[in-house]
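Feature annotations, courtesy of TrEMBL:
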type     : residues : note
TRANSMEM : 41-61    : transmembrane segment
TRANSMEM : 81-99    : transmembrane segment
TRANSMEM : 106-126  : transmembrane segment
TRANSMEM : 156-177  : transmembrane segment
TRANSMEM : 198-220  : transmembrane segment
TRANSMEM : 232-251  : transmembrane segment
TRANSMEM : 346-366  : transmembrane segment
TRANSMEM : 398-418  : transmembrane segment
TRANSMEM : 430-451  : transmembrane segment
TRANSMEM : 471-494  : transmembrane segment
TRANSMEM : 503-527  : transmembrane segment
TRANSMEM : 553-572  : transmembrane segment
Amino acid sequence: MDMEARRHDTKGESVCVVSEEITVDWRGKPSNPNKHGGMRAAAFVLGLQAFEIMAIAAVGNNLITYVINEMHFSLSKSANIVTNFVGTIFILALLGGYLSDSYLGCFWTMLIFGFVELSGFILLSVQAHLPQLKPPQCNMLTGGENCIEAKGFKTLIFFVALYMVALGSGCVKPNMIAHGGDQFNQSNPKQSKKLSTYFNAAYFAFSMGELFALTLLVWVQTNSGMDVGFGVSAAVMAMGLISLVSGTLYYRNKAPQGSIFTPIAQVFVAAMFKRKQICPANPQMLHGSQNSVPSNGLVDPSSDPCRLVHTQRFRFLDKACIKVEDGSDRKESPWRLCSVTQVEQVKILISAIPIFACTIVFNTILAQLQTFSVQQGSAMDTQLTKSFHIPPASLQSIPYIILIFVVPLYETFFVPFARKISGHESGISPLQRIGAGLFFVTFSMVSAAIMEKKRRDAAVDSNKILSIFWITPQFLIFGLSEMLTAVGLIEFFYKQSLKGMQAFLTAITYCSYSFGFYLSSLLVSLVNKVTSSSSTNKGWLSDNDLNKDRLDLFYWMLAVLGFLNFLNYLFWARWYSYSPPSVSITTQQGTHGDDYGFTNSSKHVGDESIP
């Protein structure tokens, strides 16, 4: 049984809160609010998140160095191996979300695939340790043309291990966020505020994991060898699984609902079968319509556990709600007749797709910071003291050093201040947070382009090597924009009123990373092809030497692409925020408009229009 709660925001307006599903403890009995859930239970999940990202980031962020120096692949091929690996992790998040919501539940999905990821780390460590599983040692910088590229069984072992890690990590990631979010009751105003705090805490745990990975673990890889580094990643992942299991007695678990795609498919099938039907002029004639409200403005929550009211958007789907009157009492199949609530949930999912798509370019920019920017740092002076050199891969720790201070300040000072002004429980809405991040990320690529031009000119014209600290601004700006965009996107999708799909919706946010990294690989190949006008004129990124490549021009192209993407996002954010209901509903507090209406099925708590 579901229970639906309604509450009032600070403006005195009634808003719809996502319905609460019955949760159970580890034995399958109903959970006790005094014993299960809350930040105490979520802390164990945050532990897994910190350790898992620490393990995977140490591998992913320094993988290009290993692939070039140990496996002897070219720069462009190595960059594509890394981006395809990271892209696969995030596309497999869909599998993890589907298995969790439909069959296994978050806890068991994380536990099973966590061990798959651990096994992949162990196999990578073995492959990196045994000389017979790698090509002969060779310096790619001085004698790259004579180095033998890894082939056959050696590459097979490498890719099997790599994609075991990808499978495990991909299926674990969305469930960490979803399971942590499930520890909070969204129908309770205090718990709902803590949910927003949890999302910020999750990003803090992510930042801490990244920081340790990009400093301590990368240092171990650089100085003790990649075999030891991969082994440390395996040990860290094991600690994450221990953290997960330690919280078993405190979790409130949502039971899987069966195939989450069935209700969605039923809407499309029913609409197709009734495509020749004409929708009634009065939406209240549709099956399961909730547009009629008593004169006192209050709705009986027991009449529908997840109340969504008909909207005018995507009217072709409304045909799935047309009840055929054939004179008999025969009940139509759910594949022929759906409720308005069921159709409106599909509308929500479709409406959110453009918001998701606008973050793909953002993650294409992220891909550059994990590939070409690492090589950029390798071509600079990495000396910090006489005896200590900064590993290039550790450059990516710069934003996380700042963010471990910025995130607590954001939650402690900015959110309460913004909450007083906006009345929003998160300070600013997820849509506004995403938009701010997409705006700032453009300047990360502007900074990267300027610094690369300066570095290249100094190396080519003056034979001078600049300090590695010259490229820190691009990492710092990106870190701030990622804190806004990544957390905003997760909160946006998690709070959608799609029952039993929280893990899968969280997985959709990770697909943005996947498509961004795949787009990065495509752009690298496309740019090389377009900019190679002849056999003597190589492409911008076709050489293994950055002093001969034109990485700065590639960065400028991404800066322009990022700004155009931000303008595109503004359009879709406004489109999403404005969804006029077919019938206005008046409550005791007054008539609702487009921004805060209980009647707006595509508009939920916190999704105000972008100004």
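Even glycines carry a Cβ here, placed using N, Cα and C.
TrEMBL labels come from automatic prediction, so no person has curated them.
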Considering the transmembrane segment (398-418), which listed stretch of 41-61, 81-99, 106-126, 346-366, 471-494 counts the most C-beta pairs under 8 Å: 471-494
Paired segments the transmembrane segment (232-251) and the transmembrane segment (41-61) in contact, 3+ CB pairs under 8 A: yes
Whether the transmembrane segment (198-220) meets the transmembrane segment (503-527): three or more C-beta pairs under 8 angstroms: no
Stretch with greatest number of CB pairs under 8 Å, the transmembrane segment (81-99) reference, 106-126, 156-177, 430-451 candidates: 156-177
Contact between the transmembrane segment (471-494) and the transmembrane segment (346-366) (3 or more Cβ pairs under 8 Å, separation 6+): yes
Long-range Cβ neighbours of the transmembrane segment (553-572) (under 8 Å; 6 or more residues past either end): 354-355, 357-358, 361-362, 364-365, 368, 372, 434-435, 438-439, 441-443, 445-446, 448-449, 452, 523, 527, 540-541, 610
Contact ranking winner - 106-126, 156-177, 346-366, 430-451 against the transmembrane segment (503-527), Cβ under 8 Å: 346-366
Intrachain neighbours beyond the transmembrane segment (346-366), with Cβ under 8 angstroms and 6 or more residues off its ends: 264, 267-268, 308, 311, 313-314, 317, 431, 434, 437-438, 441, 444-445, 478, 481-482, 485, 489, 492-493, 496-498, 508-509, 511-513, 515-517, 519-520, 523, 558, 561-562, 565, 568-569, 572-573, 575-576, 579, 601-602
